[in-house]
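Engineer: Quick paste from TrEMBL:
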- Lys5, Lys6, Arg7, Leu8, Arg9, Arg170, Leu171, Gly172, His173, Gly174, Lys175, Gly176, Phe177, Tyr178: ATP binding site (BINDING)
- Leu51, Glu57: substrate binding site (BINDING)
Amino acid sequence: VRAAKKRLRSEMARVLKTLSPAVIAAESQRVCDQIRRLPVYQAARNVSVYLSMPDGELQTAALVDQILADGKGCFVPVTLQPPRLNQTTAADGSVLTPTPAVAMASMRMLEVTSTAEIAALPRDRWGIPTVPLTVATERHGTRPRRDVMAAGGCALVIVPGVAFDAHGGRLGHGKGFYDTWLRGYRR
């Protein structure tokens, strides 16, 4: 299964490279329009949406603009890298190595409030805006960003994907951030 997923990711990357920026922009706008017409979107107070890479995937900037223009809370993924864990030596001299579960990165959905805020953010190695855990305030310096869980959750989560099937199955980028977050969110 792992090898098949890797092959499909490679094939989809090849196909996406053949699409012009104009085609990706047009399809992205079409998807934004379809999402806006969904009853679940219309009823939602809060929507979670990924911030897209500059190319090679559905562009979400117009959708983020629409969510904010419609007065909805807009929550975006922020990955949290674990502290670097080194091997340590126990009192008996044995070497203790952190387990992968302890060293896994995690993800939270944090609120952004304007497109200007997003435009001013630094970009990561994939060109995706890097949303900080805190936001500047006029009186208090900074405060933690509002988490979707503290905001009452969200009715709609727009997830990135390399490929989707007719039944809603998703092949992601292979890091497991959304799968893990969604499992925790559903509880």
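Backbone N, Cα and C define each Cβ position, glycine as well.
Please treat TrEMBL annotations as automatic predictions, because they have not gone through curation.
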Engineer: In whole Å, could you give the widest CA to CA gap in the ATP site formed by Lys5, Lys6, Arg7, Leu8, Arg9, Arg170, Leu171, Gly172, His173, Gly174, Lys175, Gly176, Phe177, Tyr178?
Structural biologist: 21
Engineer: Identify, among the binding-site residues Arg7, Arg9, the residue whose Cβ has the fewest other Cβ atoms within 10 Å in this structure.
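Structural biologist: Each of the binding-site residues Arg7, Arg9 was scored by Cβ atoms within 10 Å; lowest is Arg7.
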Engineer: To the nearest whole angstrom, what is the C-alpha distance linking Phe177 (ATP binding site) and Glu57 (substrate binding site)?
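Structural biologist: Cα to Cα, Phe177 (ATP binding site) and Glu57 (substrate binding site) are separated by 17 Å.
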Engineer: Quick check on the binding-site residues Leu51, Leu171: which one has the highest count of other Cβ atoms within 10 Å of its Cβ?
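Structural biologist: Selected residue: Leu51.
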Engineer: Under a three-state reading of DSSP, tell me whether Arg9 (ATP binding site) is helix, strand or coil.
Structural biologist: helix
Engineer: Determine, to the nearest whole angstrom, how far the Cα atom of Lys5 (ATP binding site) is from the Cα atom of Leu51 (substrate binding site).
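Structural biologist: Rounded to the nearest whole number, the Cα-Cα distance is 23 Å.
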Engineer: Count the other Cβ atoms sitting within 10 Å of the Cβ of Lys5 (ATP binding site), across every protein chain shown.
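Structural biologist: Around the Cβ of Lys5 (ATP binding site), 14 other Cβ atoms lie within 10 Å.
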Engineer: Tell me the Cα distance separating Leu51 (substrate binding site) from Lys175 (ATP binding site), rounded to the nearest angstrom.
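Structural biologist: Cα of Lys175 (ATP binding site) to Cα of Leu51 (substrate binding site) measures 16 Å after rounding.
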Engineer: Tally every other Cβ atom lying within 10 Å of the Cβ atom of Phe177 (ATP binding site).
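Structural biologist: Its Cβ shell of radius 10 Å holds 20 other Cβ atoms.
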